[in-house]
Amino acid sequence: MSSSEETETDGRRSHQCQKCGKPFSRICSLRRHELTHTAEKLYHCEQCDSSFSQLKNYKLHLHTHTEETAYCCEQCGGHFSNQSSYRKHLRDHTGPYQCDQCEKTFSYFSIYKIHMRVHTKERPYCCDQCPKSFSFLSSYKRHQLSHSGEKPYQCDFCGKSFTQSGHFSLHLRNHTGEKPYECDQCDKSFSDLSSYKIHQRVHSGEKPYCCNQCGRSFSQLGNYKSHLRIHTGEKPFRCELCEKSFSISKTYKQHVRTHTGEKPYQCKECAKGFGRLSNYMRHLRIHTGEQPYSCDQCGKCFNSSYSYSRHQRVHTGEKPYWCSQCKRLFTRSQSLKKHRCVAVDEDSVTVCKKAQSTCSTTEPTNDNQQQPTK
């Protein structure tokens, strides 16, 4: 198999090295480059043990020891042994360089050129094991690990290994508790940038994921995908103990705990255990006295989002629960349930009226049955 092949581009850099993926515009440049992989390195530096296959590169290297530099940058004092390196360096001082497609600016010409690949779709780094190609050398090197199976980043705490340093760094925060991304509106902090950005939508009200069947919007992609299963009827999570199926993984896990009795969330103050994280977090506020949900109309505070939402109906007059027999509306689901209980035993119209007078004086807590849209 040849160590090089031609790639169809716009005429530039059409010759590519099959060893490292580096592209060249001329075949002679490619042949010269290939010597760096195959040629014997005959020229050895006596001062640092570096070796070179070409005399020209060996002589250039010697300048690093003798400090014999023909080109000196007047702006930063940098020294260069050849004119091409010197001219390339000068570009770093003549910035900023602005992209004419997205108006981003860059201080360095080299970074500007790399950025342009985002727009030109140029992918000079090609994998020799699969058809994938990459715009950036870092992406190419990271991809190579998927073929070798190498996972060079290992956690000293738990022994888990990772192919990417970014994933490894994120994992370490699970052990260290580091949360570098802080919300300036509510003082919450996050260990990763994506969670921080998703949280910002709580304050901005942004919900970029919209269901095209019912118009409901979501701030998180996971919640949006789970919602779609309501329309498709898909329930991929099945309990092996009772064969119940669930459309949401979280609901499935909570259900399994009803069989196992597992309560993974335990209060350090009173040792009470909880199967659900939301119940555990709500319980903690009993000890801390925290009431994070404040009504902007009357100033009343609440320790749960549910209590806060229910309170809002006092101001809006919303009555989302309705009786299917008499069409009476209720602010709270418990009022609807009590109304139904009275209405079950006798003839509907008479009893519903009787039940209405009973329920109108008492409206305890809530449920989930919503009034259908008319």
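Cβ coordinates are placed from backbone N, Cα and C, and glycine is handled just like the others.
As given in TrEMBL:
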- 15-42: domain 'C2H2-type' (DOMAIN)
- 43-70: domain 'C2H2-type' (DOMAIN)
- 71-98: domain 'C2H2-type' (DOMAIN)
- 97-124: domain 'C2H2-type' (DOMAIN)
- 125-152: domain 'C2H2-type' (DOMAIN)
- 153-180: domain 'C2H2-type' (DOMAIN)
- 181-208: domain 'C2H2-type' (DOMAIN)
- 209-236: domain 'C2H2-type' (DOMAIN)
- 237-264: domain 'C2H2-type' (DOMAIN)
- 265-292: domain 'C2H2-type' (DOMAIN)
- 293-320: domain 'C2H2-type' (DOMAIN)
- 321-348: domain 'C2H2-type' (DOMAIN)
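Across the domain 'C2H2-type' (265-292), the DSSP tally of helix, strand and coil residues reads 12 helix, 4 strand, 12 coil. Helix, strand and coil residue tallies for the domain 'C2H2-type' (125-152), in that order: 12 helix, 4 strand, 12 coil [DSSP]. Counting same-chain residues at least six beyond the ends of the domain 'C2H2-type' (97-124), those with a Cβ under 8 angstroms from any Cβ of the stretch are 9, 13, 16, 21-23, 88, 91, 133-136. DSSP states for the domain 'C2H2-type' (237-264), grouped as helix (H, G, I), strand (E, B) and coil, give 12 helix, 4 strand, 12 coil.
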